[in-house]
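Going by TrEMBL, these are the annotated features:
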DOMAIN    13-243  domain 'NAD-dependent epimerase/dehydratase'
BINDING   17-23, 111-114, 146, 169-172, 185  NADP(+) binding site
SITE      113  site 'Important for catalytic activity'
SITE      115  site 'Important for catalytic activity'
ACT_SITE  142  active site, proton donor/acceptor
BINDING   193, 208, 215, 275  substrate binding site
Ligand code: GDP
């Protein structure tokens, strides 16, 4: 195990975005770190308003921050609401990072996404391929905001010596996911479609696009564990990929989800919907070298996500509300 260079024990740790899938998983994971967890509801501070974020930070003075707040959504939501995805994400990360610097936060982790990488980056995608090519147009608005967040952390490190780091999770799924079919990502969409087809005795489920794009998936509890690990053991300018290191085609995913859910019908395609980027597998080499690897396999993870869906532990959002 790598050495702990930043202990969270006894610290005041602010989780921005605690109601979202990632933020709530980080809150669950932090319970065993012996820290005091701080959260801010929208009534306490609207993260898109600089004065409100500054006032909240001044009053609560966290020692460490996990910046997991974001306006998130799947391929269609990104494509439909570009202004919201770019503006909201830029403004909230800028507000939190600047306020964290002002009140002297010791350590901050910014969370991004694998969509920051060029559409045709060599696979598996290494951290160094950032800004080496054009982005996937369907989610470039979100991606540009997330790239700006990485750069903000690097800039504050360079100019002020701030210990601000960035982690880039792959496609995440699990408890707290968004199961709204218009704004969700593929995993929760397929879980819901398979469940509704099974209970409604429908002959098939519809997969958007050709089913040939490849995607990597990580259970959100694994992601939270990796983030806490990095917070304690990593301090450098380069962002770190957080993934499983393995990918599947969308069709393979649909088949696995059908198996877990117990749906025995067929799979059809809606070719009017976009495929998006053909493949998005991140290199897990850096994270492995830093002493972390995932524990939850894909089938086990989907079983857990389906359990959470059945228990109603999910967020029904209209169009990618701030996580
Ligand atoms: P992406 O990883 O940014 O492209 O976002 P998504 O998770 O939304 O989509 C991943 C892939 O799954 C794309 O090729 C989608 O076309 C495909 N897909 C298949 N069925 C669905 C669905 O019901 N919902 C979503 N969001 N994507 C789907």
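Using the three backbone atoms N, Cα and C, a Cβ is placed for every residue, glycine included.
All features noted in TrEMBL, drawn onto the structure.
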residue : record                 : Cβ contacts under 8 Å, 6 or more apart
113     : NADP(+) binding site   : 142, 143, 146, 168, 169
172     : NADP(+) binding site   : 21, 22, 217, 218, 219, 220, 223
208     : substrate binding site : 75, 186, 189, 269, 270, 273, 274
215     : substrate binding site : 170, 171, 186, 247, 248, 250, 253, 279, 280
275     : substrate binding site : 209, 210, 212, 213
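When the Cα atoms are compared, residue 193 (substrate binding site) and residue 17 (NADP(+) binding site) turn out to be 27 Å apart.
A strand conformation is recorded for residue 215 (substrate binding site) in the three-state DSSP classification. A distance of 19 Å separates the Cα atom of residue 17 (NADP(+) binding site) from that of residue 115 (site 'Important for catalytic activity'). Only 208, 275 of the recorded positions listed as 17, 113, 142, 172, 208, 275 bring a Cβ under 6 Å of any atom of ligand 1; the order follows the sequence. In the three-state DSSP classification, the residue listed as 'active site, proton donor/acceptor' falls within a helix. For residue 115 (site 'Important for catalytic activity'), the same-chain residues 6+ apart in sequence whose C-beta sits under 8 angstroms from its C-beta are 135, 136, 139, 142, 143, 146, 277, 280.
When secondary structure is read from DSSP and collapsed to three states, residue 169 (NADP(+) binding site) falls in the strand class.
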